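Peer 1: If you scroll down you'll find the structure; I have some questions about it.
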């Protein structure tokens, strides 16, 4: 029908929905504020976060999400200030963390109580400060007189007399619920506080999410199938990109072997052994052996020398009396010898 506004049902207060709202708030705070155009969005987002936390808190403590009547009468008379102290039973339960239970993660539980009751809730007395050294330093100073008292919760409210009494009564009832320790594993408020802390830290995971049916079917099949026990697989060392030394024979011994088998004039040495055929007979080239090719020239001492030459170099040179035959020597006949030609 034209003119009627469509009303949508509000989402249920679940941890996942609260986590989505917190993520939206972080994203909203990271964006620049363009002339205040996001003011209403931030206000609506804060109101929704407060509503979800309030419903979750009521569900945790009261066991239902039914909202208590928050209607207050009209103010009558001047504004007054009322306060009341509720002492924490630390002597009866010395190991219970009442301060963390009342304040909650980053003070969210106390802030939620203040928003719901309209009162200011503060933890005072011995052990109310996290830093014990600072607490001892401030003890006895002005405005720190409460450190000489026992641990207690101070509830204050400012309003008209008739309204302040109602607010204070509601706040006292809610705080008294927090001063009753629950058994380990049955503290629903502690579970909620841990969940809120995980949401704030970004580490929350919903434990109610079930695995797909396919995963269960595969797991059942794997359990029904026979199992074969095998030894652990050997761990191989990582392969190097470039070997430091060549795996095969280097190229220089083969070059020296060929140089030894050849005389300086190019003729094969008579005493040189022929390189046997095989994989080591040819020149082996690998792409990473080029540093070995830059070797100095082979010394002349590596070539074989005749034993007679070595002896002749040491002993005195022997004069030869026979005439060496010259290849171009002319033949002198008797007629030419007589004429002198």
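Positions of Cβ are set from backbone N, Cα and C atoms, glycine also.
Annotations per Swiss-Prot:
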- 11-82: region 'Qua1 domain' (REGION)
- 97: site 'Involved in RNA binding' (SITE)
- 120: site 'Involved in RNA binding' (SITE)
- 124: site 'Involved in RNA binding' (SITE)
- 130: site 'Involved in RNA binding' (SITE)
- 182-213: region 'Qua2 domain' (REGION)
- 188: phosphoserine (MOD_RES)
- 190: site 'Involved in RNA binding' (SITE)
- 193: site 'Involved in RNA binding' (SITE)
- 227: omega-N-methylarginine (MOD_RES)
- 242: asymmetric dimethylarginine (MOD_RES)
- 242: omega-N-methylarginine (MOD_RES)
- 256: omega-N-methylarginine (MOD_RES)
- 276-279: motif 'SH3-binding' (MOTIF)
- 324-330: motif 'Nuclear localization signal' (MOTIF)
Peer 1: Under a three-state reduction of DSSP output, how is residue 120 (site 'Involved in RNA binding') classified: helix, strand, or coil?
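Peer 2: Note: residue 120 (site 'Involved in RNA binding') is in a strand by DSSP.
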Peer 1: In angstrom units, rounded to an integer, how far apart are the Cα atoms of residue 190 (site 'Involved in RNA binding') and residue 120 (site 'Involved in RNA binding')?
Peer 2: 22
Peer 1: Using the alpha carbons only, what distance in Å do you get between residue 124 (site 'Involved in RNA binding') and residue 130 (site 'Involved in RNA binding') once rounded?
Peer 2: 12
Peer 1: Of the recorded sites 97, 120, 130, which one sits closest to residue 193 (site 'Involved in RNA binding') when you measure Cα to Cα?
Peer 2: 97
Peer 1: Quick one: of the recorded positions 120, 130, 188, which has its CA closest to the CA of residue 97 (site 'Involved in RNA binding')?
Peer 2: 130
Peer 1: Give the number of CB atoms, excluding that of the residue listed as 'phosphoserine' itself, located within 10 Å of its CB.
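Peer 2: The residue listed as 'phosphoserine': 12 neighbouring Cβ atoms within 10 Å.
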Peer 1: Counting other Cβ atoms within 10 Å of each residue's Cβ, which of the recorded sites 120, 124, 130, 190 comes out lowest?
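Peer 2: Across 120, 124, 130, 190, these recorded sites, the one with fewest Cβ atoms within 10 Å is 130.
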Peer 1: Just to verify a number: CA distance, residue 120 (site 'Involved in RNA binding') to residue 130 (site 'Involved in RNA binding'), in angstrom, no decimals.
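Peer 2: Distance between the two Cα atoms comes out at 20 Å.
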Peer 1: Rounded to the nearest angstrom, how far is the Cα of residue 130 (site 'Involved in RNA binding') from the Cα of the residue listed as 'phosphoserine'?
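Peer 2: Checking the Cα atoms of the residue listed as 'phosphoserine' and residue 130 (site 'Involved in RNA binding') gives a distance of 24 Å.
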Peer 1: On average, what pLDDT score does this prediction assign to the motif 'SH3-binding' (276-279)?
Peer 2: 52
Peer 1: Quiz question: given the recorded sites 97, 193, which has the greatest number of C-beta atoms lying within 10 angstroms of its own C-beta?
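Peer 2: Answer returned by the neighbour count: 193.
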